């Protein structure tokens, strides 16, 4: 319920924001709520399932993406044509509450029923409000969270904004951000190592090769994908002349493939008990799907071939996500599942941030230069305006010198982004290699209730 509140506040702030700063704050709240909701659902499903069957339910939980893959782009097109972004965010805040409130009501009812029959553990002594604030500040390691968030933000953000600084990377505040970011990493380590009453990252779990390998796989996978995926929709609209609806259909074929495949991967793992060698099968799919985007970056490439690369990447990421999530849970007891899932999700968020930072750096530093270099001499003064607006980019007709210059610039930038994404692939292979070759069927027989949930 708390995550829903944060998510809705983020959507409302997006709908009403009047500045970039307000939108950034709203976007942060939105993703905190969005990821938090997903995490809570994963923990609930883990509590209801055995280790052997868990990925079947996790896969089924992701199947609503199939519907949103087709409905989302069309709805986005309608918002763009007939309303505006404020209605888009505001209306979904209302819709989300409408769908979630009945579920919350059922959970509250069941919780009260469980309390009446004595199933729930008795609460401890009541604390004053300030004692509760202090207790949860320590338990959640708020200081550690602030330090690690500041560290990654200060280190990664300059990659996207240095282009707009007065002296680029030589600007004082850019250098200061990098120095403070690195310093914050040191402070975070010192705090966690010697001072934190409750550690933000339980280091004992990161000493287990299967857990750290799974976390690294998830982070590296997102870093690789977001290197080229961040601006892929704009690329499809400008270079391949696709509408908002069609470009998002192509883009969403990635997540559609993963969603369809996930329950089937769960069934395969349930039948064989193996997840390490299943994960290896995803390496050629993700590598080939990423690498083929390099020769397919030209406007003459058929959209079907672009879609094929997204399907291949979807197969690879679906295998990695399912096997990696199970790998992080297999070595621990059932009571420790929530902790390792949180660590796993953290690495995914860090990987996505790294990928977006790389993409942002390439986009802001390379694309303006490429547009300027490729424009005809009489149009070079338009380069900043063209770079700053996709509407302006789409305004110029096909075959015109300006449109061809824009397409050439996009193709060059997309090539660099894809190469950056492909460079992460050796790390993917290494992350899987360090896993222990555990078999969840054998674990169920050997450990029994230690790895089994309550229902299935």
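For all residues, glycine too, the Cβ spot is worked out from N, Cα and C.
In TrEMBL, annotation is done automatically, which means it is predicted and not curated.
Among the residue ranges 341-367, 368-394, the one that TrEMBL annotates as transmembrane segment is 341-367. TrEMBL assigns the feature transmembrane segment to one of the listed ranges (116-134, 173-191, 192-210), namely 173-191. Contact between the transmembrane segment (303-329) and the transmembrane segment (142-161) is not supported: fewer than 3 Cβ pairs lie under 8 Å, counting only residues 6 or more apart in sequence. Residues 205, 279, 286, 290, 293, 313, 317, 320-321, 324-325, 327-328, 331-332, 340, 343-344, 346-352, 354-356, 358-359, 414, 417-418, 420-422, 424-425, 427-428, 431-435 of the same chain sit 6 or more residues outside the transmembrane segment (211-228) yet have a Cβ under 8 Å from a Cβ within it.
A Cβ distance under 8 Å defines the sequence-distant neighbours of the transmembrane segment (341-367), meaning residues of its chain 6+ beyond its ends; these are 35, 38-39, 42-43, 46, 152, 156-157, 159-164, 201-202, 205-206, 211, 214-216, 218-231, 324-325, 328-329, 387, 409-410, 412-413, 416-417, 420-421.
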